[in-house]
Number of protein chains: 2
Amino acid sequence: MLSGGDDGVPDGVPDGIGMARLAWTRLPTADAEGAGPSTSAAAAGDELFSAAAVESLDYEVIENYAYREEQAQRSKFWVPYYVMLKWLFSLLIGVGTGLAAIFINLAVENFSGWKYTATFAIIKHSYFVGFFVYTVFNLALVFSSVYIVTNYAPAAAGSGIPEIKGYLNGVDTHGILLFRTLVGKIFGSIGSVGGGLALGKEGPLVHTGACIASLLGQGGSAKYHLSSRWVRIFESDRDRRDLVTCGCAAGVAAAFRAPVGGVLFALEEVTSWWRSHLMWRVFFTSAVVAVVVRSAMNWCNSGKCGHFGAGGFIIWDISGGQEDYSYQELFPMAIIGVIGGLLGALFNQLTLYITKWRRTYLHKKGKRVQIFEACLISLVTSTISFVLPLLRKCSPCPQLGANSSIECPHPPGTDGNFVNFYCSKDKEYNDLATIFFNTQDDAIRNLFSAKTFHEYSAQSLITFLVMFYSLAVVTFGTAVPAGQFVPGIMIGSTYGRLVGMFVVKYYKKLNIEEGTYALLGAASFLGGSMRMTVSLCVIMVEITNNLKLLPLIMLVLLVSKAVGDFFNEGLYEEQARLRGIPLLDSRPKQVMRNMNAKDACKNQKVICLPRVSRVIDIVSVLRTNKHNGFPVVDCGQNGESLVIGLILRSHLLVLLQAKVDFQNSPFPCGPGVLNRHNFSDFVKPASSKGKSIDDIHLTEDELGLYLDLAPFLNPSPYIVPEDMSLVKVYNLFRQLGLRHIFVVPRPSRVVGLITRKDLLLEEDGNTVMAELQSTSVRGLLNGRLLGGNAHLERPLLDNLVIE
Amino acid sequence: MLSGGDDGVPDGVPDGIGMARLAWTRLPTADAEGAGPSTSAAAAGDELFSAAAVESLDYEVIENYAYREEQAQRSKFWVPYYVMLKWLFSLLIGVGTGLAAIFINLAVENFSGWKYTATFAIIKHSYFVGFFVYTVFNLALVFSSVYIVTNYAPAAAGSGIPEIKGYLNGVDTHGILLFRTLVGKIFGSIGSVGGGLALGKEGPLVHTGACIASLLGQGGSAKYHLSSRWVRIFESDRDRRDLVTCGCAAGVAAAFRAPVGGVLFALEEVTSWWRSHLMWRVFFTSAVVAVVVRSAMNWCNSGKCGHFGAGGFIIWDISGGQEDYSYQELFPMAIIGVIGGLLGALFNQLTLYITKWRRTYLHKKGKRVQIFEACLISLVTSTISFVLPLLRKCSPCPQLGANSSIECPHPPGTDGNFVNFYCSKDKEYNDLATIFFNTQDDAIRNLFSAKTFHEYSAQSLITFLVMFYSLAVVTFGTAVPAGQFVPGIMIGSTYGRLVGMFVVKYYKKLNIEEGTYALLGAASFLGGSMRMTVSLCVIMVEITNNLKLLPLIMLVLLVSKAVGDFFNEGLYEEQARLRGIPLLDSRPKQVMRNMNAKDACKNQKVICLPRVSRVIDIVSVLRTNKHNGFPVVDCGQNGESLVIGLILRSHLLVLLQAKVDFQNSPFPCGPGVLNRHNFSDFVKPASSKGKSIDDIHLTEDELGLYLDLAPFLNPSPYIVPEDMSLVKVYNLFRQLGLRHIFVVPRPSRVVGLITRKDLLLEEDGNTVMAELQSTSVRGLLNGRLLGGNAHLERPLLDNLVIE
């Protein structure tokens, strides 16, 4: 589902558009200065030269662009405006994501509440009718979800995290950040989670946050008529990615009520684009989410939200649990880590196979198959979760202390342990129903609960583990929004509690809580499957609100991740690879050690465009290959060829479609060309496939004309010498988030050497500023002396090239 | 205190040594293959060519180096050994730092305990004698600290964080990671903190952790006779920096018992070097620290540690505090943020001026002045903290509930609120003494305490604030180990509690706790002074063990950092600049927008060395300038000049000193030269100034000889075209942690274009591997065809250059 192109990446704005932009904005000044066409051309050359120097990482340019556009006076307000808007958007992302999370939770809890209240009411009379109602309720919800997704928002299926991860790594997947995806995600996950499938709402919330962020960022697209000033500000790729990073963090913060965890999640997934001032903004967004969610929870505590009470949100306060641990316990905890690693790796492998099979055989057959599949899984899930507890014998209630807050059996219609389900006596409970015939949030709370020794039998836990694990594997990959956090926690806490039971039995210590082991189990499974480290640890601490278990969670995560890494990659990486999202690892591959830059592109034929190209040549170049960027060459002062920059396919397409720049002469154009374009023409349309060469129709006459590419190219893409190690190139590529690197022959001379000292300009800022001004004057003079007066006929960009 | 050189950075291993290393390790093979000297030279050229391809970021190379050194069989064990050792070292760093933290805390608490017990015992009889004893005790401790620091470990003065920050940013400061610095830091901070100065032990602990890490990393230097295998492994600059990063995180984790805070602290300070697998190792180290510290605390809880009881460590559990907040309270909280920003910025500015003045006028006069200064400050501090409470009238004890755990006045010799000091009645307490005449940890605990409404009068708090703020400003910069965390918390919590008092008074709500406001005040001052964000927030949460206040702390930090940033830079940045540590900001300066690469180095004269240079020329080049790196040029196949790499001053000095490579002929050497050297010759001596050209003495004869530089240079430093924007160059430089960039003319052609797809080799790993093998064979053939047989007399590296 990538939008085509040789490198899997449609059009790299970070490499791209700077020069063009700056050129337009600067040239009016040049025009005003120029005394005649030729002089003005020379001056324009200098202007371009300076403009080229300004070209930089994209978001820097954007500031510069507008900074220059509105001249001196207005520019004073622009930067503060831009900064303010960035923060305002961060605020809005936080509020929006928080509200979306509240809405989803509210809906899910209420649907589940009605479902269980009705079922429990009916089974007093007939278990069969109860089963029927329960199943139909689930089926209806799941059907609504899968119908919405398959028909309106196919990109909303799954958790969305691999796609978002890909987006932040630099790969756009079609449709993941559309408005319809947002809507599909929200309503779809209400259906799928409310319908009792073995999946969670947390992954989708991350995607939801990202969608909200992206939509805010492009606010002002054709559909929403916002002011054009707004559009301009966030049209750079980097700004958008920054916003999506904020949205991603906001999603995690909202899903788990874990603001710090959200920041760290975004950080762990996006290290390649990370900057410390972005961290600060992400942090702010997360804090806003925390405040919004908390306010809503407080409002709901007064009972205005139906079944959504204090227990609705994913947060399992285990403050009553174990505060301490002995060194003996570290061994069973390590065992939990190992189990988590093994089961997590197995989960990744199984889901990979099943998803592959689904994609190859099942989902090709159309929407109906997908809908049928989801409904079938819903039926199976309902049946298992209803029938299995029926087969289980009830246990008598334990003797609880008088001042214990736990009731056995707990009153129907409320949350809690000790569910009375198909029991012959009143003072009995069904341990399998307590975890199986319940919402997942409640089940987890029950598994984590302290002071409930021996509530569950080993048999029930094993039954549940096997069944739920299988359901989770099968459910993964159906066409509904689905997160893997909550199922993972369910699975992990089951075997964790099992281990805890053995520990309680054999170590015979009173201060050991099975619930603590359940928590560690949950951490271990997530670690073994998703392979996140610090962020997962913080999220676990934040959702359980217990800092004292931090070292234990760290230990378990270390073990489970190490074990899992032995077998395969993390869940998101596996899924991303399966979906054809080419993520770049943080570490270069071993094989790159023995390669150099030239080896990496040895099978390529580099297609260069001359500075002034014939339209027909450009069209044929675009038709005959799928490259997304083309080097542009020109003749230097002494007739030798010189690489003057990189032009992107997408920009060429814009130029071909606009046609206004076509010219009759094969000589470089004057500066007038530059204000024929609106900057926004070149902005990549958000979340669409972009143009294709086949959509552009040119007449015979037009094909015979010429096009001067100089004003539209990126004049200084990064270059590497051909014999540089590929590992070095890889680091350059990934650390700077590039799209294209030119591999060039070894240079013949060194003009200068830049060291740390040369980059420390702030130490005598004023001096540098003064020097700089004189430099630019000198540069102008030099330019004129060297190339200007003597070579009036020479191409416009010669100064740029030769200087 | 930099170790010389044009760029403030002695010798950049990341740029440097790879080629040399690889060349040696590969060439023996080439020798074995070669049929005669000339053929072998050609083969060696190819070998070098491949070796060049492998050169990469330093730590990659190291693996490769040994990987090849011990051939096929042994290499199987080497990588696991290397990885295992890295983890073992992380473990050891954690254990070491944890133990150091325990030791410091134990010593400080015991000294303070003895001091206060003795003083309280004596003042029952005479306040004058008590004052005398108190002052002499403090003076003795401070004197011991300043004596140790000035005489044995001058680098141990101050917090050490700016220096460590600089180190991790790429700047080595002389002496900061020596063993004597470690010892000086540990014992010095015991003296200075135990002596009651207005400073903390947390900053020094970060430095301590870094020292431990660095010493472990170089284990096997001349002093400690460890096996040489160990040395080799961690002699790369990058490995060492990784270890120091771990140590830094361990220090924070140990100082605050905040493992996640430690990871984030390291992350915020070191983003430019950050990689996600390093994060994992740092995380492990922090977890180890947490376990070690917790074990020691448990052991001490049984009373074996003297005065070091439960209250010894910096951790202020405010679990009894406010759980909730109303929206009305957000306004006073924002006010706290503003105050924090203002006072923090003022603190930075004042300390900057005072430190400047000290460096210029005071500390030039020698050690005695420094010792005298510290003792004087100790006397003043003792006097103020003893005499001021004497002047304060005691207040009657409040009515406390029967089941309250708080006693008034608290029994002498224990920690707690309500200190009875110079009070006429038994049931009275002195509120100023409660915070002033106490250890800082206890004072903070008292300020943070909940359920103690109106314990302090506004008058006392203001008095304390003014006096302590002044003391902290004056104390900063004396020649003792000194952290700013605890003083910052003291200052912040004072005005925080003041604001809290007003809120309690005017809002008239019962669930508002003054202690919570004190905590927010502490966060705000630290935010306003140090300008850390996420890490500070997490540290505050971890030390107070209260997750629920997270959004409030976030809010306060956001405000205070924004206010502070309006005025000046963070404390550490200011201090680093003052000490001449050239930190590179994460953001390029505004002025760079208008500059290009050439502008940045326009005043430089680039000094190139020919491939085979005369020794006398090299010596004169090294004598006449201070550059640390020199481009090496050679003649290409067609006689044109070609840049073949970068050679470092330090490597040249090693070669000049060793003399073994000097040769009579001005032609390139054979491959035999390469195993004349031991790799470790070239490793930068840890924490020393390195060699100087003046230390090397050569005879007339030797000066007339030649030296072939090709085997020792870095064949592919990063290059940028001369008209690239300086912003782009800056990002390249900082993100990749470079030391040198070559500025070169625009390339004349593009050999290839590397895109994401070219770097995704793992998708068909086997194919790539197979292709690669054939490529390397083909490369060899090509090399021979092109340059080998036909040009046997041509320089060795031509293949490298022309291919």
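Any Cβ shown, glycine's included, is placed from N, Cα and C.
Curation plays no part in TrEMBL annotations; they are all automatic predictions.
Listed in TrEMBL:
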type	residues	note
DOMAIN	A:602-662	domain 'CBS'
DOMAIN	A:713-771	domain 'CBS'
TRANSMEM	A:84-107	transmembrane segment
TRANSMEM	A:127-149	transmembrane segment
TRANSMEM	A:243-266	transmembrane segment
TRANSMEM	A:278-297	transmembrane segment
TRANSMEM	A:330-351	transmembrane segment
TRANSMEM	A:461-479	transmembrane segment
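Fewer than three CB pairs closer than 8 A are found between the transmembrane segment (A:243-266) and the transmembrane segment (A:127-149), and contact between the two stretches is not assigned (pairs 6 or more residues apart). Counting residues 6+ beyond its ends, the transmembrane segment (A:84-107) has Cβ neighbours under 8 Å at 186, 189-190, 193-194, 201, 204-205, 208-209, 212-213, 216-217, 230, 233-234, 239, 242-243, 246-247, 250-251, 253-255, 281-282, 284-289, 291-293, 296, 300, 305-306, 308, 312-313 in the same chain.
Note on the transmembrane segment (A:461-479): residues 146, 149-150, 154, 157-158, 197-199, 343, 347, 350-351, 354-355, 358, 363, 370-371, 373-374, 377, 380-381, 384, 388, 392, 432, 435-436, 487-488, 490-491, 494-495, 497-498, 501 of its chain, located 6 or more positions outside it, place their CB under 8 angstroms from a CB of the stretch. Summed and averaged per residue, pLDDT over the domain 'CBS' (A:713-771) gives 75. Broken down by DSSP into helix, strand and coil, the domain 'CBS' (A:713-771) contains 25 helix, 14 strand, 20 coil. Residue counts of the domain 'CBS' (A:602-662) by helix, strand and coil are 20 helix, 20 strand, 21 coil (DSSP-based).
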